[in-house]
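Report on the structure given below.
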Amino acid sequence: MFYKIAQKFMFQMDPELAHNLAIGSLKSTGNSPLNCFYAQNIKPAPVTMMGLTFPNPVGLAAGMDKDGECIDAFHAMGFGHIEVGTVTPRPQPGNDKPRCFRLKPAKAIINRMGFNNKGVDNLVENLKAVKTNAMVGVNIGKNKDTPVEQGKDDYLICMDKVYPYAAYIAVNISSPNTPGLRSLQYGDLLDDLLGSLKQKQKELAEKHGKYVPIALKIAPDLSSEEIEKIAEALIKSEFDAAIATNTTLTRDGVSGLLNANEAGGLSGKPLNSLSTIVIKQLADCLKGKLPIIGVGGINAAEDALDKLDAGAEMVQIFSGFIYQGPKLIKDIVEAYRIK
């Protein structure tokens, strides 16, 4: 009820302004009695994946809390895990505004944010300040001005810094809003990146005395052959998981709507079936050797169950969470428990 009132007010505003306002209020109330406005008591429905046990299978996708400012607040809502980021080695402003657009009739969003974040050192301070036992994944990326050929170095810098504080690390090579980034999903660049990250993980596990799993986040705009090659590379490098999928450059299901022609990645309801298809194809190629976190267009509990049926072990929500509110977390966990 409270969310519907807040949403009505927020949806009158520019999407990015509304987002910043929400993050600000969650940041200030996460550990106060005021979190009663959004806190939920969700009965555990544990999932073991990547050697970790999550309290339930519903996570918050990266991009909502880029700088890890509201981890305790999202934990209070009942998320089984919270993926913060995407974070880069150095702070960067992202692309020019406006860069985020609602497509309300389609329950969709188009964004071209461009990895705006306050940098990895700032994120680390926020991770150190977390007061709850939230499971936090950290999504890492490269700075816009780092050449793609040297992109690997940015991922290694971020991995080194967040490793002691992350439950897992997600490697984002699939945002459509950083020029050239998606080229890291192919061939030698991919093999080199995965191999280097895996080597770094071994060194860091020894140094810190703990193993932090690494997952690769992929795009939905891939051919069957490309998905197969990525799966082979993941198996070969012994990565711990895949996250499928990021936003899409396609505009299926939104053509003719206000803002549909804006550049950027489309998320929300229209992405649901495409991302589920990619999960199914990826699962078929991985043959159970790596688990999958399914994300993209989940707007109701049934959408989440479809992704689990397609081969995902857990799910994440973002746009559906904006349109439906915290109740969506509870709905999915309840449906999962019944299933």
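Every residue gets a Cβ built from N, Cα and C, even glycine.
Swiss-Prot lists Ala62, Gly63, Met64, Asp65, Lys66, Thr86, Asn139, Asn172, Lys217, Thr245, Gly268, Gly297, Phe318, Ser319 with the feature FMN binding site. Other C-beta atoms found within 10 angstroms of the C-beta of Asn172 (substrate binding site) number 27, with every protein chain shown included. For the recorded site, Asn172 (substrate binding site), the DSSP three-state label reads strand.
Sequence-distant contacts (6 or more apart, same chain, Cβ under 8 Å) of Gly114 (substrate binding site) comprise Gln92, Gly94, Asn95, Arg99, Lys144, Asn177, Thr178. Secondary structure from DSSP puts Gly114 (substrate binding site) in coil. Sequence annotations record features per position, and here Swiss-Prot assigns substrate binding site to Lys66, Asn111, Arg112, Met113, Gly114, Phe115, Asn172, Asn177, Asn246, Thr247.
Taken from Swiss-Prot, the feature active site, nucleophile covers Ser175. For Ser175 (active site, nucleophile), the number of other Cβ atoms no farther than 10 Å from its own Cβ, over all displayed protein chains, is 25.
The Cβ neighbour count for Met64 (FMN binding site), using a 10 Å radius over every protein chain in view, is 22. Asn139 (FMN binding site) has a Cβ environment of 26 other Cβ atoms inside 10 Å. Least packed by the Cβ count within 10 Å, out of the binding-site residues Lys66, Lys217, is Lys66. The Cα atom of Asn139 (FMN binding site) lies nearest to that of Asn172, taking the binding-site residues Arg112, Asn172, Asn246 as the candidates.
Nearest to Gly268 (FMN binding site) in space, judged by Cα atoms and limited to the binding-site residues Arg112, Asn172, Asn246, is Asn246. In terms of Cα spacing, the recorded positions Met64, Lys66, Ser175, Lys217, Phe318 that come within 10 Å of Asn246 (substrate binding site) are Ser175, Lys217.
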